[in-house]
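As recorded in TrEMBL:
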type	residues	note
ACT_SITE	D289	active site
BINDING	Q107, K123, T222, L223, W224, L225, E294, D309	ATP binding site
BINDING	D142, D309	Mn(2+) binding site
DOMAIN	191-398	domain 'FAM20 C-terminal'
Amino acid sequence: MKLKQRVVLLAILLVIFIFTKVFLIDNLDTSAANREDQRAFHRMMTGLRVELAPKLDHTLQSPWEIAAQWVVPREVYPEETPELGAIMHAMATKKIIKADVGYKGTQLKALLILEGGQKVVFKPKRYSRDYVVEGEPYAGYDRHNAEVAAFHLDRILGFRRAPLVVGRFVNLRTEIKPVATEQLLSTFLTVGNNTCFYGKCYYCRETEPACADGDTMEGSVTLWLPDVWPLQKHRHPWGRTYREGKLARWEYDESYCDAVKKTSPYDSGPRLLDIIDTAVFDYLIGNADRHHYESFQDDEGASMLILLDNAKSFGNPSLDERSILAPLYQCCIIRVSTWNRLNYLKNGVLKSALKSAMAHDPISPVLSDPHLDALDQRLLSVLATVKQCTDQFGMDTVLVEDRMPLSHL
């Protein structure tokens, strides 16, 4: 080979080497992040099935102490939770030592104190699994099984922002009435052969009580967050007005997200990305009623958006996709980790994972098959929405690294 040809060949090889090296360096962080997301997904799937068992291994602490120590500003429970089954078993079986009307709100619930002093919120069964609520997506009563399903979906999505929830059967005559406050006891009545109560809330009516099957009532119990973590309530920037004929700004202003990005706490920190995550979460469960949300107090926008009160879900199939997913449609941003997790869950994996996660719950089956099928269909809609965004603005703009400050958007 002539010298000139050798020089040309060496030059080509050098260019290929440099290009390859630059390409690898440029993609090293993304690849590492994707690999970690994949490992996290496999860890989640491995620990998906939670068997409720009373024994706490390797600890002298109570289940309530363990759950309280889990709570930090960015998660309610950690990624790996070998004690979860024992905590949920305690929630489903511990003796009720006091029962009272629920905290203020629009829906019927009871506040229970379990043995050991732990508060839980009890939401009673109002509908059969396959009952469809007609009218607006936010119409009707809370659905207790929706709280259980939403908690496990929170686990599957890797958010870890929903308080622990488990199904429970309670005997109203022997477990509740003997320890009930006068205020709660005054709302008890008998309808046919069934014990019922209607509690105290904005929409609670004596004419619309929740009734047990005889004395036994099915419901869900949600673990109360530790009092050392007081909550702060915020109006959701994409909330409805609930006024006849009056639209919220986001409903007619396509550039609304730009205005949101200029206001606290959405102008910095993770809160706007939390809003996007929550829009995806709410669309998957069919919740169109998140007009407010909670975070921890005095957090300056740093704490998570806590996924409380998820019971207006899995009841109405007629969802307005663009309404619930409005934050995603209008902002066209999403966390890389969320995007990766959603892609891992397609092709039927989401339905299978949720069904498996809920298999050992005391009120299993938690969801009917049509509701599980709807989850997989809605996931495809979310993925298609993100694809529209990336086609329009590019992957680098739409997919945001989880720890990137909002000011960089």
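Glycine too: its Cβ is placed from the backbone N, Cα and C atoms.
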Per-residue Cβ crowding (10 Å cut-off), top of binding-site residues L223, L225: L223
Pairwise C-alpha maximum, in angstrom, for the residues (Q107, K123, T222, L223, W224, L225, E294, D309) that bind ATP according to the record: 19
CB within-chain contacts under 8 A for T222 (ATP binding site), separation at least 6: V120, V121, K123, E147, P163, L164, V165
Cβ contacts of Q107 (ATP binding site) (under 8 Å, same chain, 6 or more positions away): K123, Y141, D142, C201, Y203, A311
Proximal but sequence-remote residues of the same chain as D309 (ATP binding site) (Cβ under 8 Å, at least 6 apart): G105
Fewest-neighbour residue among recorded positions, criterion Cβ within 10 Å, set D142, D289: D289
